[in-house]
Amino acid sequence: MLVLPVWASMLLGLLVGFLPLVGMEPTGGAKSGSSGHATNQEPLPSSSGSNCSELTLKLEFSSKVVEHEYIIGFTGYFSAKARRLYISSALRNAGDGALLEWHIVPRENPASDFPSDFELVHIRQASPSSLLTLEDHPYIKRVTPQRKVFRMLKYVPSPEPTAPCNATRGTQKWQSWQSSRPFRRTSLSLGSGFWHATGRHSSRRLLRAIPRHVAQILQADVLWQMGHTGSGVKVAVFDTGLSEKHPHFKNVKERTNWTNEKTLDDGLGHGTFVAGVIASMRECQGFAPDSELHIFRVFTNNQVSYTSWFLDAFNYAILKKIDVLNLSIGGPDFMDHPFVDKVWELTANRVIMVSAIGNDGPLYGTLNNPADQMDVIGVGGIDFEDNIARFSSRGMTTWELPGGYGRVKPDIVTYGSGVRGSGMKEGCRSLSGTSVASPVVAGAVTLLASTVLNRELVNPASMKQALIASARRLPGVNMFEQGHGKLDLIRAYQILNSYRPQASLSPSYIDLTECPYMWPYCSQPIYYGGMPTIVNVTILNGMGVTGRIVDKPIWQPYLPQNGDHIDVAVSYSPVLWPWAGYLAVSISVAKKAASWEGIAQGHVMVTVASPAENDSEVGGELTSTVKLPIKVKIVPTPPRSKRVLWDQYHNLRYPPGYFPRDNLRMKNDPLDWNGDHIHTNFRDMYQHLRSMGYFVEVLGAPITCFDASQYGTLLMVDSEEEYFPEEITKLRRDIDNGLSLIVFSDWYNTSVMRKVKFYDENTRQWWMPDTGGANVPALNDLISVWGMAFSDGLYEGDFTLADHDMYYASGCSIARFPEDGIVIAKNLKDQGLEVLKQETAVVEGVPILGLYQTPSDGGGRIALYGDSNCIDDSHRQKDCFWLLDALLQYTSYSMTPPSLSHSHSRVAPPPSASCPRGWKVRRNHLYRYSKVLWRLTWETRSPALPACPHLSWAKPQPVNETAPSNLWKHQKLLSVDLDKVALPNVRAYRPQVRPLSPGESGAWDIPGGIMPGRYNQEVGQTIPVFAFLGAMVVLSFFVVQLTKAKSKPKRRKPRIKRPTYLQQQQTTTTGKNPTV
């Protein structure tokens, strides 16, 4: 049995999760694939007692298709009788309809008595034609196989990381590769703790002043004292159920079982933990103890679930008018249309969905769906020292690549490390992960919703507006890590209780000079002739589920701030639904500023309209106008030698196709899903090039769409796309005219690709990768004119080059190179042989690096390297940024590095022999995802070259006024007056844990954001004012006591005189006056 390290098991569960084995035929008669099963399930450790035990959860998923069962989705909600009629009618039209044996599988759950938008059908010997006939029916939307999901949990103490994230452990069996198709969503609530260390020194954990409950840290007790405890809000928990007699919960409105087990109780404890964070009333208190808790048990005690269970449960949540839903599953497949469509439907029905952003950090471009959707509140994790948790996924979204740019996510962050929640039967426990942060926000949202008198104002957009407008920005952290900042419950309460339906923007401003928050925009100034800078802004529409932009956005440059030096183009969603849309802003420098340096400012005005729910509204529409301030830094156009163009257009990634990782050793993470962008998994390379003075731009269009005379080097890394013939012709002409080319390739071997094939559960067919690590045949077509080619060899190994330690990870070799070029060779292991025959062999003199000066007068230079893993953040072992520097010195300045030209590893170029034929893998699916291929085979025919994108620049409407100096605090939600919202006079409990950074106030660091007001001043001034008043009271008390003490002797004399009747008696007896 293969034993994986902790971190590898973590990635296996999160990224590969539900996927089948690769390279193995399905066992038995069932045509289904299944992934390797997890370790044996262990019982939940005892959670009795009040002590908090900090644990993490080890997770593994597996799944298989249920043979002969299909989920038939309809275009609307229909009764059971109508659904049966439609299916029967569709199957009668099939050619083999009369021979088909089929029946509807009964679903005995609370939703079975209501109309539904899908049906579960058992069809024996269903042919592809019969399934296509089903989909041809006008009321049937899609047909997908029923899936059975296994989820395995193992509770272990939180370990300290013992190896880097990218470490490679041992030799693995190639037959047990986890596949990437079909994609399965995994639970983000599990296993997340493996990525997070709670502190640099273990002793600090004992010294931190941490309150007992996360709800108190976020000041939920302030709202409790005001009488707000979540009453009247319906919150749904989709998980493993909840025990009926659990002492922590007093308002469990409904427990529903969507599984095939005859119990509603939680046999594992995870669902109880999530519910406790939201609504526990004692010990480890939740945020909203009086909320109506709706428990959806969608996993059995054996951790089994089916797709149909989730779909039924979602429909029932809509039927029950759930207000808040916490979802603890996610994954990278934002093109999983049935799931995405259902999430849209939920939010369109006013369900506020809160979802974890993912546990795939610290790598960028690792956002999980559905948290990366505009209508969902995506939550990232921080520790109790306000540091971004290592496991928390980072932005940007990759939906928009290659032509556009991603959106800002997560939306907010909150505590996700060591959070306490309810134990399975009683007591409390602590867990970590972004799914722990998700119920924290879900509980806060539930509590906030209960504070609003007019519940009609609360919807997915207005709640998100309140959360992001009130979030407290963390210092030194960029927006793709923290979103809008840390959850601030009290300030969100103030905003919601002064809220008026309106539109807002996320981010609310564009400031290309503000670092580090606006990274990567702030990392490089703009200049004339450069690729336009694209900022993808999300429009949140709190006025209604649907909306539109009135007329067109208006660009208004500030003349005193040189706003006329920039040009702006805007594109936007034709319809804002549900609750949101996009506003893409492209910024470029005007020609008159080609040699100018300075700051330019302006703003874009956008008016959003939504149908009014109340017909009495004038015109039947609500409108809201928002302003998007823009501030950029302009510099003179850099010299050509300093400008590098990154080819994004020819990079493909999962989803939708099976594009494997570039390093075959990373079998626990086989998907190439991070976007291959300079701001995602090539972020470190980009930062290095910027530090070396290079200006890096992104080409999101064909090679025919850029002016090569402006750039010194075109950088192609890990390209999977084919090339248009026009692109090949233009690149040859550009290099003859002085453009240089650097190519980082990767492995491509048809035999290895067949070895790592997998069984696709949707099509019931074996699939091979759509390319190798790179599309080497396409690259060879591109560079063949210069007598160059990569081979189909597959090599790996450690070596030293120019006194630098290097690691070659599943790279290819150079098969052909010009005789007058420079070629560097190294001794490497034949990894292809290891994959195919499990044999080890060392190959001497493998050509891996080539440098060539083209012969034309003034021609450019070409550099080839067979592996991109050394500049890729995904699984980099040893970086080769020094090599990239050397290659850029060669291509941009024609300076051949002596360490390479005089290297003892230099060999004669490989002979100009023809490359092997029949390279390209046939019968794969690249044509489905390629922008170049158009036929069902690998024929050379291609569609017409697409037109180059041309932006429609907005006509400026200059304004002669001064721009705001602080864009961050400039904007605010309309009609929100924080002064009108009174808070009780209570002492807030908020320990200062994180050391203050230079210039940071010791008071609460609550930024104004788009909601400035007196609240931030009161927060900073309340503590010293009350301290002064308290000191005065104490001082007055001591002054009074001191005065009393001084006056006491004078008032003591009369007290010791004898009573009058004793004096008279003594006088009568002795005849003398008494003395004192």
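Note: Cβ is positioned from N, Cα and C throughout, glycine not excepted.
As given in TrEMBL:
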- 1-24: signal peptide (SIGNAL)
- 29-51: region 'Disordered' (REGION)
- 32-51: compositional bias 'Polar residues' (COMPBIAS)
- Asp239: active site, charge relay system (ACT_SITE)
- His270: active site, charge relay system (ACT_SITE)
- Ser435: active site, charge relay system (ACT_SITE)
- 506-637: domain 'MBTPS1 third' (DOMAIN)
- 1048-1058: compositional bias 'Basic residues' (COMPBIAS)
- 1048-1076: region 'Disordered' (REGION)
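Looking at Asp239 (active site, charge relay system) and Ser435 (active site, charge relay system), their Cα atoms lie 12 Å from each other. With respect to their backbone Cα atoms, Ser435 (active site, charge relay system) and His270 (active site, charge relay system) stand 11 Å from each other. The predicted model assigns the domain 'MBTPS1 third' (506-637) a mean pLDDT of 94.
Here the domain 'MBTPS1 third' (506-637) is broken down by DSSP into helix, strand and coil counts: 12 helix, 67 strand, 53 coil. If you draw a 10 Å sphere around the CB of Ser435 (active site, charge relay system), it holds 33 other CB atoms from the protein chains shown.
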